[in-house]
Amino acid sequence: MTDKIYIFVLLLFSSLLFLFGLWWLVIFLILQIIIYYKFIKAFKPGILKYLISVCIVFIPIIGAKTLTFDIFKIPSSSMENTLFSGDVIMVNKLKYGPRLPRSPFDIPFVNIAFYFNDNAKKRIKENWWSYKRLSGITNIKQGDIFVFNSTWSKQFILVKRCIGLPGDTLQIKNGTIYTNNNEFIEPRSVKNNYKFKAENKATLYKALDSFSNNVILKNSYNKFNLASLTASQLEHLKKQDYIDSVSIQIDTFAQKKLFVNLPSLQWGFDNMGPIIIPKKGMKIILNKETFAIYKRAINSSEGCKIEEIDGFYYIDSQKATYYTFKQDYYFMMGDNRKGTLDSRKWGFVPEENIIGKVQCVLYSNYGGEFNWSRLLKAVN
């Protein structure tokens with residue numbers, strides 16, 4: 001009777017997984033059941049049965065960490081006030097579909113054996129196998145926060161908010177983000193730098209100290225105060241009678257540290273675009289501007305090398321006049337707009353680098369002690 005109930009519950013659970021498009025997880029569960037009933041249960045007690053049982057226990061653990069959920073710790077303030085340094089987050093790999101391992105070093109426990117092999121360690125930064133992703137529950141949406149490998153080192157892992165989707169036309173005007181000519185409504189946890197004048201400095205400092213989260217305050221040469229504030233904090237300050245004027249701080253000068261380095265564009269962190277985010281199958285005509293915008297993505301993520309020689313463009317040493325992208329890309333930004341390095345600095349994020357969506361904050365040591373208010377806090 002117990003086995004019948006167990007089978008019924010398992011079939012019901014498998015049906016739900018199948019409805020969500022997670023057919024591969026259903027197959028994995030069925031294989032586990034077959035292995036248990038046909039092999040392990042049939043074995044008589046002994047060392048062999050014990051060893052097989054241990055293996056069967058480890059397989060789901062490895063599978064869960066590789067294909068379903070993972071845990072990461074936030075190391076910096078780049079996502080304040082959504083995520084804080086010291087937050088430990090749970091990442092859901094099922095949302096967008098789990099990425100299959102691209103080398104033995106991506107497989108938990110299995111990778112230990114390869115760390116002791118000198119020849120294998122020489123290839124630790126390489127992809128041994130081609131990119132494949134299983135089906136997921138949903139597609140990536142604008143505003144999602146997800147974890148991904150950086151484009152310069154697969155060992156370097158980042159977390160940012162998705163601002164632009166594949167094929168979107170992105171533009172930033174005086175710090176305001178537009179995609180496809182529509183203003184991106186930022187979450188109220190996003191921080192920006194504001195400059196203002198205050199009559200009573202002592203009252204101002206007291207008000208800023210009352211905020212529950214860090215506010216960076218400094219004086220500028222022209223007697224303005226600069227502070228990093230969320231929308232709620234800004235609204236609170238605007239209501240105070242000791243505040244004379246408030247305005248967002250805009251970087252109006254061209255930045256050489258952007259991922260696009262073309263003087264004629266005169267782009268900065270708060271003013272750039274319009275720019276089309278690459279998507280699979282998108283064809284671009286190669287010229288001075290498109291080369292400056294897309295060369296980093298092509299060279300780092302498309303499996304080929306593009307270069308400019310005497311005004312002509314070459315892909316893998318073959319002369320070319322256009323290029324067609326092989327995968328989708330995303331434009332990512334940190335919620336701490338002036339305290340983050342993001343796609344404005346290092347360019348587009350390819351789909352193959354995405355690990356999973358941030359589901360929640362498991363717990364937090366923000367501020368140097370256990371923070372109960374952030375326990376199992378949902379992330380939006």
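The backbone N, Cα and C atoms fix where each Cβ goes, and this holds for glycine too.
Feature annotation from TrEMBL assigns active site to S78 (among others). S78 (active site) is surrounded by 20 other CB atoms, counting those within 10 A of its CB over all protein chains shown. The DSSP secondary structure for S78 (active site) is coil.
Look at TrEMBL and you will find K160 (among others) tagged as active site. Around the Cβ of K160 (active site), 25 further Cβ atoms fall within 10 Å across all displayed protein chains.
Look at TrEMBL and you will find 49-212 (among others) tagged as domain 'Peptidase S26'.
According to DSSP, the domain 'Peptidase S26' (325-362) comprises 7 helix, 17 strand, 14 coil. The domain 'Peptidase S26' annotation in TrEMBL covers 325-362 (among others).
TrEMBL lists 6-35 (among others) with the feature transmembrane segment.
Residues or ranges marked as transmembrane segment by TrEMBL: 47-67 (among others).
Note: the CA-CA distance between K160 (active site) and S78 (active site) rounds to 8 Å.
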